[in-house]
Structure formats: C-alpha cells, structure tokens
Amino acid sequence: MNNDINSSVESLNSACNMQSDTDTVPLLENGQSASNQPSASSSRGQPQASPRQKMQRSQPVHIQPLRRLQEEDQQLRTSSLPAIPNPFPELAGGAPGSPPSVAPSSLPPPPSQPPAKHFPPGFQLAKLTRPGLWTKTTARFSKRQPKNQCQTDTANAVSRIPTSQMEKLRLRKDVKVFSEDGTSKVVEILTDMTARDLCQLLVYKSHCVDDNSWTLVEHHPQLGLERCLEDHEIVVQVESTMPSESKFLFRKNYAKYEFFKNPVNFFPDQMVTWCQQSNGGQAQLLQNFLNSSSCPEIQGFLQVKEVGRKSWKKLYVCLRRSGLYYSTKGTSKEPRHLQLLADLEESSIFYLIAGKKQYNAPNEHGMCIKPNKAKIEMKELRLLCAEDEQIRTCWMTAFRLLKYGMLLYQNYRIPQQRKGLAPPFNAPMRSVSENSLVAMDFSGQIGRVIDNPAEAQSAALEEGHAWRKRSTRMNILSSQSPLHPSTLNSVIHRTQHWFHGRISREESHRIIKQQGLVDGLFLLRDSQSNPKAFVLTLCHQQKIRNFQILPCEDDGQTFFTLDDGNTKFSDLIQLVDFYQLNKGVLPCKLKHHCIRVAL
C-alpha cells in the first residue's frame, strides 16, 4: 500500500514540474511563448494537492496577467504612436549583447503627412526596458501636437493669400539716394513706390519741412545729364533704365509746377500755335495743353547738334504730341518738309549740366532727349540748345505737358487736395499769403492801412530803424562794454539753411538754377572780394542778381546793410526776416531759400 502511494506522489510531482517548465518558456520578441499555453480552467480541474504543490502551481498565475499587460502595451504602442524611423539601425541588426528592438514590419504604414522628428538618443532603449514610460512619452507627444497644428494652420493661412499680394510682399529693393552735400542713404522700398512717396519718406527720415517742393533727380555724371522725376513715376522702373554709374539725388525744385501757377508768363505768342482759336486766357491756355483732343504746337529756332559731329546747326523745330520735328526748308511746316527728330513716348528730356564744356554747345542752356534704356550710344542722344534760360524753360515745360498731359496736372493738385482734407486742428493757426500783407500805421489810437506807396516805404524804413534800436539795447545788455559787442551776431547766421558759406558766384548761380528759377529764390554767401562782407543771390524773372551786404558801425556797434546804411540790422537773420516782409531796395521779396539737407 505504501509503495503505491509513493509512486502516485512522484508521478504527480513530475507532472507539476513539467507544467512549471512549460509555463516558464522564454518569451519571443512579440511577447508569445514557444508552445501553446494551457488554459487556466484545465489547471484548476486538477485534484487538490499539498501546500507545496499549491506554491508551485501559483507561479503561472502571475505570468498570465504580465503577458496580458505586455500584449495590451504592444497594441497601445502600435496604435498611438506615429510611424517613426528607427534612429538606431545597428540595434535592429541583432548584434550580440544588444537589447532587442521593434521590427519595422510591426509598425503601421507611414501616413501621407510629413515625416515626424526622430526620437532623441536613448529613447528606443527606454521604451523596451521600461514599459511604464509609454504613458509619459505619449503625453509628451500630445503636448507638442498643438504647436505643430498651429504651424500647419499658419502655413495654410499664408497659402490662402493671393499670389499677387505675396509677390508684392517679397518684391522689395534697396535704393541709394544722395544729397547735395555728398551724403547718401540706402532706403528699402516696395517695387511700386512712386517718386513722390519716396520723397515724403526721405523728408520724414531727414526731419525736413514737407512743402511739396522736394524732388528726386535722375543724375548721369558721365553723360552730363539730369532731370527731375515726375511724382507718379515708379522709382524701380526708372532705376532699371539707368547705368551703374548713375544715381538719384534728393533736391528742392520750386519751379516744378510753376506753369500751373502762372501759365500766361511762360509761352510767348510766337512760340505757340493752336489748332483752334484761343482767346489767350489762363484757363483756356491750360485747357488746350491738358486736353488730349487738342493739338498745340510749340515752334521756334534751336541749336541742334549734328549726329556724329561736334558742330551745331540752327534749325526750325516743331514740338507736337507725336514727337519733335525739324524743318528741312526754312520755317516750313508742310509734312514733306518735316523730319522726325525724337519720339516723346519712349524718351525723356534732360538738362545739360555742362554742355558747353562736354559737348561744345553754343551756351549753357542745353537740353537732351534721351531714350529710356540703360545702354545707349551717343548717336541716340538728341542734343538741343536754346538762346536763353527762359526759352529753355518753355521747351522743357512743353515737352512735359505734351507727354504727360492731365497726369501732370493731377500731380500738381494732389498736395492741395490733401491740405483741404486735413483736420482743422492740424492746420496752422495763422496762414498769411504775401498778397494779404499791407502796411499799417499804429501811431494813433486806431490802426489804419497805409495806401500811399511813398508813406509805406517810409514806414518800412522807420521799422528798420526801430529794429536797429532794439538790437542795440540787447547788445549793450549782453556785452560788458558797448565798444566790444558780442561775437554771436557775427556768426549766428551760419546756423541757417539759407547761408551757404564760402562758395563762388558760379556755384551760387548753379544752385539757384537747380532748385528752380522762380521769383524770390535766394541764398546768402561769403563775399569773395570783401572778407567782411556778404552777398545776397536772388532770382527775379528767371534772372539771377547779386546784392552785397556791407558791415557798418554806429555808436560803436557793428551792423549790416543793403542800402548804404539807410536800413541797418544787427545780424543777418534780422536782415532776411525784414526783406521777407518788405521788398525795400530789392526787385522782389525773399520767398524761398536754397537748402541742402544731409541724409
């Protein structure tokens, strides 16, 4: 009996050991055993055993939940994470001593989205050796998702912008602009910016006063040519037709729209021929020039440089909307006698800077019609020369009017319309024109207007003497001795824009011509003949005149005068202020001063 019991116990123990060995088979890479695992129900169906047998049978109970967690973990890993390329291909090669890695075939196929970023070093090992890190890693990727989503939304929003607007945002260009003193500034502009907009930008950057007289000048030093850009011209387009040595200048030009202010004073009757009867009025003259249906003609004699030669020939030329013609037979304007000299459509008219020296011109009142392209030959230039400055101004103005027409008048009207649309509080509190200034007598209890010109002149002289007395009292109070006045009055004028220092007469005339031959344009400079004196250079009726300002002494004080001591001023600032309000001995009042701005 005992032998039978012992044999049955040994057979039971061997069966349990075989069951335990089967449950502890090593796991493969996918977490499955090498042989089929018996179910839990079949295990529980065995008869009751001893406590030792229960302890041995309890071991597989903990293996199944762990295996189930690994299977769930594997499903979570393959479903929640995106397809990420393996950053450690050497680990997947089965090198000895290296931990196992996930096979690429076990991952889902890559989606159509852009590939995700690689894991940082060490991440592949952490996900295999420490499965509990999966939740934190997945959460970390879920936190990064809004950032990627935001970038995607931004890219989609940018892609919805029209192509024309995208090109406008991308097309920017740097333009270098020079001032009269040689300084320069590089400005980044849009490709569709006009000359007026660029001038306003430069006025803002250089802290100047925007009086709508600033212009952009196209300057060609090698050709000796320059012209003012029209306000509507595109700067980048003009720059594309300029050679590399050419440049833009930032300058004043008070005469740009002088024709619209005084059109009757521009063209003599013998220069203009109308296709219809004109009464000669100012409004009719403007309408005939600006109306595209009208056909005005500007004719007269000009010196024309012969092509391929240094000689000039006097020809009778005629300017029409279709171009510039010259007559082969005297002053005849018959079609068979007219030959085309230059086209207006694809050309621009320039001033000759030094035509007499560079092109052997008869005088310094030259013009040039240049094609609008970067590379040109000398034979393509049409060099012209007028008799005087007034005739040259008429031809230059006629060329602009016939080429641009109403567009030129709109450029003139835009600043005035902006002033009318400006809010009342932005306008100056006091705006007085020169025509509204009258002489007043305040000697009595009630002020009265002085109508007699002789009495008005005497009142102006008395005002000048009153200024002299006030300045004398100020000098006495500010100086220790009346015999040694303060040196401030002798140098304070150097801080003003209208004072140009030690320049020659020719240089002062050149500056006046560049900034427009309008009445009242002036500048002050040091005298070359008298070291203690100054010179007032003034433009009147398109002619430049010079007036010497001499120092004089009175009661031990030094004064400055223009009229041999009749009107004296303690400094040049007072002198300029006085003649801006009073004509005195000058042909006209001082209206505009020549200025040079450093960019």
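Here, residue 1 is simply the first one shown, and the rest follow in order.
Here the Cβ of each residue, glycine as well, is placed from N, Cα and C on the backbone.
For 1-23 (among others), the entry in Swiss-Prot reads compositional bias 'Polar residues'.
Feature annotation from Swiss-Prot assigns region 'Disordered' to 1-122.
Here Swiss-Prot flags 32-43 as compositional bias 'Low complexity'.
Feature annotation from Swiss-Prot assigns compositional bias 'Polar residues' to 44-61 (among others).
Per Swiss-Prot, the feature phosphoserine maps to Ser50 (among others).
For 97-118, the entry in Swiss-Prot reads compositional bias 'Pro residues'.
What Swiss-Prot records for Ser98 (among others) is phosphoserine.
Using DSSP to sort the residues of the domain 'Ras-associating' (171-255) gives these counts of helix, strand and coil: 18 helix, 33 strand, 34 coil. Sequence annotations record features per position, and here Swiss-Prot assigns domain 'Ras-associating' to 171-255.
Annotated domain 'PH' per Swiss-Prot: 295-404, in sequence order. Remark: secondary structure over the domain 'PH' (295-404) totals 26 helix, 44 strand, 40 coil, with classes taken from DSSP.
The feature phosphoserine is assigned by Swiss-Prot to Ser433 (among others).
The phosphoserine annotation in Swiss-Prot covers Ser436 (among others).
The feature phosphoserine is assigned by Swiss-Prot to Ser481 (among others), with similarity to another entry given as support.
The annotation domain 'SH2' is assigned in Swiss-Prot to 498-594 on the grounds of sequence analysis.
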Residue counts (helix, strand, coil, in that order) that DSSP gives for the domain 'SH2' (498-594): 20 helix, 35 strand, 42 coil
Over the domain 'SH2' (498-594) the mean pLDDT stands at 93
